[in-house]
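Undergrad: Please see the structure below; I have some questions.
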Amino acid sequence: MTLEIKEMSKAYGGLTVVDRVSITMEDADIIGVIGPNGAGKSTLFSLVTGFLDGNGGDVVLDGKPLGNASAVERAQAGMVRTFQVPREFAHMTVRENLMAAAPGQGGENLITTFFRPASVARQEKEIAGKVEETIRFLKLGVVADTPAGRLSGGQKKLLELGRALMTGAKLIMLDEPFAGVNPVLIEELSQKIRELNARGIGFLIIEHDLGALSKLVSKLYVMDRGKLIASGEPAAVLSDAAVREAYIGGGAN
Amino acid sequence: MDAYLIAIAIVSGIYLLLALGLNLQFGLTGLINFGHVGFFCVGAYTSAILSTNGVPVAWSLLAAALVGMLAAWPLGVISIRLREDYFAIASLGFSEIVRLVATSEGWLTNGVQGIAGIPRIFSGVTGQSQAIAMLAIVTVFCVLAILAMRRIVRSPFGRMIEAIRDNEEAVKSLGKDPAGFKMQVLLLGSMLAGLSGALYAHYIGYISPDQFIPFITFQIWMAIIMGGVGRISGTVAGVIILMVFLEGSRFLRDIAPFIPEVAMASIRLGAIGLALMLFTIYRPQGLMGDYTKR
Amino acid sequence: MNLTRRQTLASLAALAGSGLMPSLTFAQDAGTFRIGALNPITGAGGPYGTGMQKMIAAAAEVVNAAGGAAGRMFEVFAEDTQTQPQAAVLAAKKLIEVNKVQAVLGTWSSGVSLAVLPLASEANIPLFHCSGAPALSVAPANEKKLGYRFQATNDRFGRAFAEIATKEGFKRPATMAFNNASGIGNTEGFEKAWKAKGGEIVASVVYEPAQPSYRAELQKILDAKPDVIVMGSYIADTTIILREWYQTGEENTFIMPAWAGNPELVKALGPDVVEGIISVDSISNEGSPAFAAFDAAYQSAVGHPGLTNVYAAMTWDMVTVLALAMEAAGPGADMAAINAKIREVANPDGKQVSSFAEGKEALKSGPINYEGASSVLDFDEFGDVTPDFAASFIRSGEIKREYVVTL
Amino acid sequence: MTGFAELLLSGVMSGLIIGLAGLAVTLVFGIARFSNAATGDTMTLGAYGALLGTTLTGSLIFGGLVGLLAGALAAVLSYVLVFRQLANRSPISSLLASIGLAFFVRAGLGLAFGHNQSVFQLDIVRPIRFLDLRIQPNDLKFAAIALVTLVIVFIILHMTPIGRRMRAVADNPLLARVSGIAPRPVMFTLWAMAGAVSAIAGIILGMKTVVSPEMGWDMLLPAFAAAVLGGIGHPVGAIVGGLVIGVAQELATPFVGFTYKIAVSFIVLLLVLLVRPRGMFGRVEGVR
């Protein structure tokens, strides 16, 4: 799935938070977006995924401009995001979280719930099977029946990734997947992303942790104060003077 | 004493139907409906108008449930996508409009005079057995509604609405539109409210617009919040607490005659207010506990 | 700090228990007669309910002090209808089933009375009420003829308004009604009677309560240049409307029911604004000993003149009439016997009496006719009273009755 | 034509009261991020405070100040005792608690003052005639008070350090979400301001109408509508919103009749939410 972000912009009153940012992404690629706090990365994510209305710009997915498509429609088109602060369904178990993410469930309306219980049960069984696979893949078996609200930060990030996988997304956008995650798990998470990428799923990743990210991505974009200030191969970008200035001057962690 | 207890049980059942609908909407889905009494009103009037015009009560009950549900449709279309507290205000306004219509459209509702002489259910029997028959009918509806709720909670639909309650944005990010689910929940809850209203009309025998004030809605809110949101057992417990509380205060007067009745009424209102505050602050999960799955 | 479920349950159970305990300790005593005072303490009837309830208690004390009704002492159980039918139904069931009351007195608002009357009838006990709706007179509501109305019907009030408007020579009346059964009942009764006389209504408005201003409503009325505005209103809205009316500088007159045009209104607005208002009331026998007794009791219990609460005068009468009927029926009479005596002790052709003690004494020598504090109290076949009406004019801040209208 | 102008005038007066109530709603919403259903009963409290103050001192102005302080104090207390505890929870918790608070306050006032109406003893005078228009001297005073209130709120928000901090909290949703940690003086000032504004609305309403325990609750829906119409969190917007609703209610009466008049505020509210959810002046995000 190819993604083209064209001249995305967002302003609050006089303050431009995202200023004509353009990013292109090939099918099944892994791209990183970095930048100091307040650079507008998360806002850009929200714009691309339709969680915020922008002031100009467009997103083209597989050659089709998305225009005013809603967040739901964008997700249905195969582009699924995670959140910087994980948004697990806190009162539901990990298994239920994953079940809920499966697309096209016939049982998700009241008519079938009451009048076609047999077909619903059949589909539930199918979905449960896929959920087991996902749990195994993400090694979440120990906590499968724990309410998601009680998971650790890293486990929640894994769960969000799992939910995105359950939707059958072709392009997954991860918002700071490594933040607050211990180094061992970061390595494991990176490994999973590579494996998934090998199966044809593209990733667009926002990150602070340059070390882990630069090993993962094929291309890095750097944002500062709403603007793209650099892009290219990770190594080249990281040695760029403007980037170093933005990071050190911007007081990154 | 018996008849009084039966009366309380009937009213409790009527409240329970309301509370189950609200629990589905708020407890399970996170939809803040402050206009529940509006659909209760629609149901009461539908059944009262039909049955006083010769339609058999069985049909008028059915019609009340359907019309109650249909009345929720325009509210849903207009405001289901609004942020939660905006929907709350919109629904509150909606119930007030319903009351105004009942007040003003005299050709349909007999206006401020109200509708008197609404036939009882099972008009063939009288006295105590009439009350028992009424209680039986109300109980049957409550049991059916509880069974329906249990099925919903255990279904993929139930999973989805609980996901919406826990995090609506995350649901959207998975490509599922919360609005559709909320709409269904609104309609089903309103259907129960409509049915409840019809039972109320046939039980009390007389309805007028000023019986359908927002305070009724907030009593039900108090019930589900005290009992425990999102749990069916909590809803039942909450309604029992509400009734003990509303009716118990009458008896309090008998043991504490130094409290003037006029103060009692204010105390009742104040206690509902206090309970709402204290429970939201100190026991947000309600009496029956957290709805987290164990 | 979150309470555990056990803590919460325990404290609630304690509360609930303390509330329910006493219900198990009731016994019937042949020496007492239990009456239920079912009044609108809160809700729309709030301004009157407390006074009504206090007068039931006060009148019961008077009866008890005179040795009780046919030897039985009154015991009063008070409840609040909250001016809501549903709350009233439960309150009535509690009074009837738990407190075992043998009469329910003092419901107010037609909605409440319509809901309670069937319950009282089912239990074969009488309901004395102060509601105006015509439906309360007849079947199905009053099938067993146990409902007695101490208040003139809304319709009768309207007819009295029309008589007064004719007598005062008004040509261009307009009406304003509070949007409820009583408010509209008054103005509709007026319109019907006025049109029957060949008159014309220049404008009419029905308004919703609780608004910051009624100027638009007034505007519509005043644009028609009425010489009198007939009100079906209550005290709060009347206060606001009159203030705004005065501030428009118009000069027309008002005819309104006495529960709006009362001393409290004069106090709220001052004598200038209310000058010339015609306040219409079913006759409270202000000169009569019954009213004086009520007034004294009301003054001492509530601290306002008895005139400010016509319904309290009615509840006073309710207790007295009930006691007299019991006295007339003799010791140990059942409810049917007592019910049969109600008209006998209240209607004409008998020695006029104005208190329980007086009536009790007179009953020994022949029939009596209780002349109440609220009206002369003569019940027709439906249990309705048709009192005479007084037209009182407010002049220099004083409400003075000028003449009496007989329908 | 005169009739129209008079309707307009009466709409403006109602609108100012609705607008002030809306201002209190909008202030709380802008910073504490929830719809405060206790606003109406804070109004009632203010009116009773003023009534008590007037009776005790014999001066309307002093009485008004007492009412204002009562409203401010009650609001600050409600923050300390209730809403601060709920600052980190969802706005729904605060909304529910505010309904509880509203009932509690109303019950308390009913206990303290009874259910009979009370009135402010204002001089009732015949109107000033201006271009055939009848203008009430008292109305002019009320309008002046309302405008002065708005100006003071504006000055506090825009010209004082604490006001700037308040606006900073209001402007940044992220910061507002954690407003539990917002500096205490900011929240105290906010609640005192909201309480005082409610009280002023209540006092004016009480002076124009009558004072009873139920009076404030009935103003809640129009107040919410005004706040939403003006753009939630926008003080000037709330007043303008109130004016629009007040005027719309009066001018609509020839078409919808008087009984549906009070539905107008709700219809306006729905239309705004449908067509322009951010209100007349408000920011874009956050409604849907």
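Glycine is treated like the rest: Cβ placed from N, Cα and C.
What TrEMBL records for this protein is below:
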- D:7-32: transmembrane segment (TRANSMEM)
- D:60-83: transmembrane segment (TRANSMEM)
- D:95-113: transmembrane segment (TRANSMEM)
- D:140-157: transmembrane segment (TRANSMEM)
- D:186-207: transmembrane segment (TRANSMEM)
- D:219-248: transmembrane segment (TRANSMEM)
- D:255-275: transmembrane segment (TRANSMEM)
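Tell me what's around each of these sites.
TA: With a threshold of 8 Å between CB atoms, the same-chain residues lying at least 6 positions outside the transmembrane segment (D:60-83) that come near it are 32, 34, 38, 42-43, 45-54, 94, 97-98, 101, 105, 120, 122, 187-188, 191-200, 202-203.
Here the transmembrane segment (D:95-113) has long-range neighbours at 34-38, 40-42, 44-45, 48, 74, 78, 82-83, 86, 213-214, 216-217, 220, meaning same-chain residues at least 6 beyond its ends whose C-beta is under 8 angstroms from one of its own.
Using a Cβ-Cβ cut-off under 8 Å and counting only residues 6 or more beyond its ends in the same chain, the transmembrane segment (D:140-157) has close neighbours at 12-13, 16-17, 19-20, 23, 27, 163, 166-167, 189, 193, 197, 200, 204, 207-208, 235-236, 239.
Nonlocal intrachain contacts for the transmembrane segment (D:186-207), taken as residues 6+ away from its ends with a CB within less than 8 angstroms of a stretch CB, comprise 16-17, 20-21, 23-24, 27-28, 31-32, 36, 39-40, 42-47, 49-51, 64, 67-76, 78-79, 83-84, 120, 122, 138, 142, 145-146, 149, 153, 156, 162-163, 165-166, 169, 179, 215-216, 219.
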Undergrad: Are there residues at least 6 beyond the ends of the transmembrane segment (D:219-248) whose Cβ is under 8 Å from a Cβ of it, and what are they?
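TA: Answer is 8, 11-27, 29-31, 35, 37, 39-40, 43, 102, 146, 150, 153-154, 157, 170, 201, 205, 262, 264-266, 268-269, 272-273, 278-283.
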Undergrad: Can you name the far-off residues of the same chain, 6+ from the ends of the transmembrane segment (D:255-275), with a Cβ under 8 Å from a Cβ of it?
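TA: Contacts with the transmembrane segment (D:255-275): 18, 221-222, 224-226, 228-229, 244-245, 248-249, 287.
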